[in-house]
Structures are given as C-alpha cells and as structure tokens.
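Contents: one structure, followed by commentary.
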Amino acid sequence: MRIPRRQVSLCLSLFSLDFAYPFSSSNFLGNPNCFIRKPKGIHTLGLNWLRSIDAMGENLGTVMKDKRTHSFDVNHVEDDPCIWSSSIECKIDIGKQIFCNRSLNMKNIVAVGFDMDYTLAQYKAETFESLAYAGTIRKLVYDLGYSEELLSWSFDWKYMVRGLVLDKKRGNILKMDRHKYVKVAYHGFKELSKDDKVETYGNTLVRDSFDEPDYALIDTLFSLAEAYLFAQLVDFKDNNPDKVPEDIDYARMYKDVRAAVDLCHRDGTLKQMVAKDPERYINVDTSILPMLKMLRDSGRSTFLVTNSLWDYTNVVMNFLCNSSVPDGDQNLNFDWLQYFDVVITGSAKPGFFHDDNRANLFEVDAKSGMLLNTDNGSPMPQVGGASLALSPTKLAKSCRVFQGGNVRHLHKLLSIESSSQVLYVGDHIYGDILRSKKALGWRTMLVVPELEREVELLWELRKTRKELQELRNERNVIEDKIHHLKWSLKFEDVEADEKDRLSGELHQLEGERERVRLSHQDALRECHRQVLQFHGVWGQLMKTGYQNSRFAHQVERFACLYSSQVTNLSLYSPDKYYRPSEDFMPHEFGIVCL
C-alpha cells in the first residue's frame with residue numbers, strides 16, 4: 001500500500017503566465033524527461049468552472065502530456081495501466097484529472113455505482129454513431145415514408161456537440177450560455193445573423209425557458225446523430241419543399257427522427273451489430289478491472305445500473321473485462337460479475353431514481369436470461385412448491401443480477417443507510433446525474449470524454465487569454481478617463497488654457513483608446529481562431545464567449561466530480577478527500593489572488 005504523502009497545496013490562475021509546473025515552458029513539449037518534482041507544491045491550470053482538486057493521502061503528480069507523443073508516461077505501456085494502488089507512482093496529466101465541484105470524502109462512500117453505455121463502455125463515435133445514423137435513415141425511409149433520397153446522405157460524426165438545444169418549431173440548433181442567452185444559432189446548417197438571433201430569441205416580453213415540449217436538449221452522446229439528421233432534414237425541407245408534404249413541419253420531422261431512433265433500439269438492430277463485433281464499436285480500456293478491483297479491495301460495494309437488458313449487458317461487459325486481461329477468454333462467461341455486488345439491467349432511468357416508482361424487480365438467471373419473480377429482491381418460491389433455482393454460476397459469485405425495480409430496491413440490496421453514502425458515475429446529465437442528485441442526494445461523477453482535449457487546448461490558449469484580459473482592463477481604464485474628461489469639459493467652469501489642455505488630453509486618450517481597441521480586436525480574432533480548434537462550429541464545450549455554457553452550468557450544478565474517463569478514478573486513492581477550489585465572484589477577482 002502506498003505511504004500517504006503530505007498535502008499538496010494548489011493555486012489556480014487563469015491569466016498569469018507564471019505557472020509553476022514542475023517543468024519549464026521551453027522543454028515540456030518535447031522532452032519526456034522534464035518531470036522534475038518540486039519540494040513544496042505544484043500549480044494546475046484552472047478556470048472558474050474547471051475546479052482542480054488538491055491532494056490528500058497521495059501525490060497528485062499533475063503533469064502535462066507530451067504534446068507530440070501524447071504519451072501518459074514515457075515508460076507507460078497501454079497493456080499495463082498505471083493504478084494508484086500499484087507500486088509504481090502514476091503521473092496524472094491534466095486531461096485525466098478528476099475535477100471537483102463539491103467536497104467529497106471518499107471515506108464516507110460505502111457503494112460506488114456505474115452506468116454502462118458511454119460510461120464503462122466508451123463507444124467509438126465514428127463507427128457506433130454512424131451505425132445509429134444509418135439505421136435511423138432506413139427507418140425514416142422504409143417505415144415512415146420519407147424520400148429515398150435520404151439513403152444517399154452521409155454523417156459527419158464530429159459536427160454536433162453536447163449541450164446544444166434544438167428548437168423543434170423553427171428548425172434551429174442553439175448554443176446558449178449559463179443565463180440561457182442564445183450565443184450561437186443555426187437554421188439547419190445555415191448560421192443565423194446577430195439580428196436574426198435577437199429578433200427570434202431576444203425581443204420577447206417573457207423569457208423562453210428553452211425546455212420541452214418545444215425544445216429538445218442534446219445532453220447525451222447518443223443524441224448527436226439525431227441532432228445532425230434533424231439539421232439535414234431542415235435544409236432538405238427548405239431546399240426541396242415539393243419533396244416534403246406540407247403537413248410535415250420541423251417539429252413533426254424531429255418527432256419522426258425520435259420515432260425512427262426508438263425503432264432502431266426496439267428491434268435490436270444496433271445492439272445486434274455491436275454484439276457481433278464489439279471491438280469495432282467500443283474502445284478498449286485496460287484500467288476498468290484494476291479500478292473495480294481496487295474499489296472492492298478498499299471495502300466498498302460496487303454496482304451497475306443500466307438501461308440495457310441482460311443479454312446486451314453481458315456481451316459488452318465481457319468485452320470490456322476480457323479485453324483488460326492479456327489473452328482473455330473472448331467467449332461469453334460470467335467472470336466479470338465477481339467485480340460487482342449488484343447488477344440491475346433494464347432500469348428505465350431516470351424513472352428508476354424515483355422512490356415511488358412501483359416497477360417490479362425481477363431476478364435474472366444469468367445463463368438462460370429467464371426472469372424470476374422476487375419479493376423486493378428476496379427469492380420467492382415458485383408455484384407448485386418448486387424452489388427458486390439459482391444457476392451454479394450465480395452461486396459461485398457474490399453478484400446478483402436483476403431487471404427493473406427502483407432505487408429503494410437497490411438501497412435494500414446493498415444495505416445503504418443514507419443516500420449520501422453512494423457515489424454514482426454516469427455520462428448523461430439528465431438520466432444519470434441530475435435525477436440521482438436532486439431526487440436522492442447521491443454523490444455524482446459525470447464522465448465528459450470531450451474534456452481531455454478541451455483542457456489541453458486551454459493550456460495552449462493561456463497567452464492569448466491573458467492578453468485579452470489585459471487589453472479589456474486597459475480599455476476600461478482609458479474609457480473611464482475619457483468619460484471623466486468629457487464630463488469636466490461639459491459641466492465644469494474651467495479657464496480657456498485648462499480647457500485646451502483637457503481637450504488635448506482627451507484627443508490623446510481617444511487615440512490611445514482606438515489603438516487598444518484595434519489590438520483587442522486582433523487578439524479576439526486570434527482567440528476565435530484558436531477557439532475553433534475546440535470545434536469549428538460550436539467552439540469550446542464549456543464556454544460561450546466569456547460565459548460558461550449551459551452545459552458547463554449543468555455540470556457545475558449537478559456533478560460533484562467530473563472527469564474525462566470513468567477509469568480516472570483508478571489514478572486516485574479510494575479514500576481521497578476531493579476538495580473544490582474556492583468560488584469567486586467578480587468583485588473578488590481584483591482582491592483575492594487566484
């Protein structure tokens with residue numbers, strides 16, 4: 001077991017260039033041997049929304065990746081993942097850190113739960129989302145009567161991002177800030193002008209809530225393909241009005257897309273394809289089993305709650321766990337169950353998180369998939385006196401597999417006394433995080449795969465952002481002086497000589513203001529160019545201009561922790577005390593050093 005080290009203090013700075021990373025800015029990009037330990041502490045890059053955590057009970061070892069090789073460690077081998085509990089000390093790059101919104105002492109957590117799809121199982125967008133897109137197109141054409149012209153369409157899996165809002169009635173796709181002001185808007189694939197945005201979403205007596213039923217929230221990676229298809233259909237209707245019946249408006253098209261997606265899921269088309277070749281659609285993560293083992297060795301219960309049914313869950317978990325073991329058995333088995341105490345399939349989240357949900361809880365026979373009646377999880381004798389026959393596989397493992405039920409059943413099965421003793425890790429703001437947090441008080445961790453690249457680009461943007469902040473401050477100072485001089489010239493009784501002097505000073509300040517304005521514009525253009533590295537259309541996931549995005553606001557409100565991968569948990573002590581950075585309001589920035 002690793003010997004706990006002293007606490008490492010962290011200081012956040014957004015615009016200072018004096019980052020005290022344990023390497024020099026001149027060599028960290030190319031020299032893999034630049035990881036030099038500092039005796040007292042380290043600094044880590046942070047934004048107000050990007051809350052870095054300090055270390056308690058282990059060495060955080062925060063470092064930046066080698067930007068050319070993208071290696072986690074110069075000696076790191078992907079088949080031999082670095083785990084906190086191993087004898088080798090892990091260096092945690094900024095893209096794999098766990099960021100903290102609310103204090104969380106893992107010593108108070110008795111059970112850690114996981115979603116499966118897009119949490120434990122990270123799907124490959126280029127193959128899985130393309131598969132979902134193609135299946136949805138076929139359903140629209142062959143089941144819902146859309147033009148066969150759609151069959152020739154292609155899918156750009158990089159175009160859409162999470163956090164967008166679809167305006168069903170108008171056919172618009174929106175990106176908003178945390179105050180629900182629309183900052184970027186497209187009608188189909190055509191960008192709306194500033195005047196159009198203000199006319200549509202700004203000139204109203206009552207602020208729009210941007211919620212259902214008129215709007216659809218793109219908060220899960222599963223929704224990206226349907227959002228892209230909706231934009232295509234909007235353009236298709238606008239450009240080919242004769243090929244779309246008049247009674248089919250934008251809202252109806254979105255409804256049909258959703259119906260087509262549901263048809264793909266109900267007939268098993270997508271999951272059958274994944275089951276045939278999981279390696280084509282799911283990323284291998286060799287840290288999953290070591291992470292689960294470390295959590296269980298620490299004395300915690302582990303559970304899986306997924307909306308997928310047992311047959312598909314078993315296929316995916318077999319792939320994930322067997323891929324983590326060298327020369328692992330690729331045939332279906334139930335060995336992975338030993339890493340969980342309870343598995344609940346077909347959970348129908350987010351309804352599962354409501355205590356008053358009266359869904360029946362069935363036990364699943366692992367071998368046959370047969371559903372067996374239970375009395376709130378307790379075995380029930382079968383009619384005719386036959387006893388409940390558990391499979392030998394289930395008898396050999398501590399894990400029990402169920403379908404349906406609600407959170408009350410789960411608490412009973414795990415002997416949970418308080419909701420705050422549970423940490424649940426998921427990828428869906430609404431289905432996993434919001435409901436489990438608001439309805440239950442569970443502690444939550446959100447998986448945001450896009451975050452890894454985002455924080456690395458933030459590091460590269462630091463000089464431009466510092467320059468922007470300095471120029472904004474300089475403009476404020478100059479403009480305040482100009483306003484004061486104009487006031488003096490207009491309302492104060494001054495001598496002619498003094499008036500000439502003030503007029504000259506005013507003229508000079510106005511010239512200076514113009515110079516700073518142009519410099520500010522150049523810096524903004526450069527920043528915009530660099531921001532497009534995040535995404536060419538929607539920009540930074542967590543920002544909209546100077547404001548946090550709507551998505552970032554939800555992350556901050558409902559996720560106690562957030563990170564790029566679920567297995568980043570394996571890089572930290574299972575007893576770690578996660579602590580957030582201090583909140584700052586605008587009036588504090590000029591007083592308190594960040």
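Backbone N, Cα and C atoms are what each Cβ position is placed from, and that goes for glycine too.
TrEMBL lists Asp115 with the feature active site, nucleophile. Annotation comment: TrEMBL describes Asp117 as active site, proton donor. Taken from TrEMBL, the feature Mg(2+) binding site covers Asp115, Asp427. Sequence annotations record features per position, and here TrEMBL assigns GMP binding site to Asp117. Annotated coiled coil per TrEMBL: 451-526, in sequence order. Positions annotated as signal peptide by TrEMBL: 1-26.
Positions of the features from TrEMBL, shown on the structure.
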residue	record	CB count, 10 Å
Asp115	active site, nucleophile	26
Asp117	active site, proton donor	22
Asp427	Mg(2+) binding site	25
Exercise for review: Express the distance between the Cα positions of Asp117 (active site, proton donor) and Asp427 (Mg(2+) binding site) as a whole number of Å.
Suggested key: 8
Practice item. Work out how many Å separate Asp427 (Mg(2+) binding site) and the residue listed as 'active site, nucleophile' at their Cα atoms, rounded off. Key: 8
